[in-house]
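Undergrad: According to TrEMBL, the protein has these features:
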REPEAT    29-70  repeat 'WD'
REPEAT    71-112  repeat 'WD'
REPEAT    187-220  repeat 'WD'
REPEAT    277-310  repeat 'WD'
REPEAT    330-371  repeat 'WD'
REPEAT    376-419  repeat 'WD'
Amino acid sequence: VWDVSTWGTRGRESRLDDKAVKAMARMTLQGHRGDVLSLIWTADCRNLFSGARDNTIKIWSMETQECVRTIADHSGDISSMSLLNKETFLLTSSTDGLMRIFKLASLEEVEEEEILPVNPTIMGTAAIIAPKRPMDTVVGQVQLYPTQIHGLALNPRAPYMITSSDYHAVTIWTLRDLVRPAKAMEFVGHNQPVGGVRLTQDEKKVISASSDGSIMMYELHPLRRTVHLPLTTAIYALASHRTENGTLVYSAGTDYAISVHLFLDSAPGVAQPVFRLEGHCGKVEAIVINPTGDLVFSTSHDFSTRAWRIPPIPQQTQQTPIVLQDVAAHELHSDHVTSLALNDSGTLLVTGSADHTVGLWEVRKQGRTLSKKALVDAHSTIVTDVAFGHRETQDCILSTGWDGKVHMWKVVQDKRRTSLKCIHTVTHPSPSHRWTK
């Protein structure tokens, strides 16, 4: 558990030494005997729930820094958790295919009670003072799938629960009876395991993605599948932008091109091909879009970072997409460019690479020129992801790598040059190959 309260302070321009900005490790909670897969806080942040590959859920007190109690009812990895009904119920899913609902006992300080010995002839007649352990009761259990659950999303307003698994299906459950979730609809359209499900921001639609290379969209009112977008390549990069007529979805992968489809609001079942961005000669790894949606950046295994100008969407329906060529292509790194991010104003671009470096670019002339501002040897391994901060930390950059480190960088500008200065580093106890922003 880290304290990052100093990361958002203002006036750091005059304090660019390593001691100025810190992320202090407040505590390390040890007790699980397997990898921790899911975490969830209570609303008051006094307690933390953790689920792990040892098939258990632990409840931690932030005040005592100790485990309050352990829930051991699943026979598989704990893949996700959600607190419901003013945090009186805990919803869990596991790789044992089960979804369980627990009615939580009080999380307050544990009281003591007097317990008499089991065998007085051996232990004597003295009473034993032992802590009274509240019991978390299983009030509902559903065998959702015969195999492991990969994805779970909740829409508490409907209320609906959406799940996915190796079963190749996306299942929508009603939660009007919390103890007995009922299957409302099951969509079997993917022909390979469904890796994840997500709610859109308006909580009216669900998007699923599968290793079969297809994307599907579903409406919750009424329950129906509206879009099935089969693609001919494995998808590694995905981005979207809202327009007047619908949502533009950018997808790319092993065919080296970026496909752009318009998901029309007026025709819910239609994903119209609009553009095809060609220019890369390697697998596309990442895509970002500027705030106005008229400029797109991408990175690839061909070592390049490219910019694309997006024209207005054609008014007439077309069968084949318009092919667009990049307006700028630059090489700063000496290996695959694995990640990129754009700041909120769309003026600075940061990239990460398999050559262990992080690069900073300035966007000029409406994207036709990418000016190389800085290049630093950031990590001792592959850089897996980069990100700009937002709001109070918008002048900072974060990078992560296979070395298990997260670096925080400050953009330093003077009259002669622009540079990146590392102002803090957080080392994860267990290095991870992936990082979720």
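Cβ from N, Cα, C; glycine included.
Small disclaimer: the values here were computed from a predicted structure and weren't measured.
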Undergrad: Give me the DSSP three-state residue breakdown of the repeat 'WD' (330-371), ordered helix, strand, coil.
TA: 3 helix, 25 strand, 14 coil
Undergrad: Can you name the far-off residues of the same chain, 6+ from the ends of the repeat 'WD' (330-371), with a Cβ under 8 Å from a Cβ of it?
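TA: Here the qualifying positions are 282, 285-286, 288-292, 295, 297-301, 303-309, 377-388, 390, 394, 397, 399, 401, 407, 409, 411, 418, 420.
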Undergrad: To what whole number does the mean pLDDT across the repeat 'WD' (29-70) round?
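TA: Mean pLDDT for the repeat 'WD' (29-70): 90.
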Undergrad: Could you break down the residues of the repeat 'WD' (277-310) into DSSP helix, strand and coil, giving a count for each?
TA: 0 helix, 20 strand, 14 coil
Undergrad: Looking only at the repeat 'WD' (71-112), how are its residues distributed among DSSP helix, strand and coil?
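TA: Helix/strand/coil tally for the repeat 'WD' (71-112): 0 helix, 21 strand, 21 coil.
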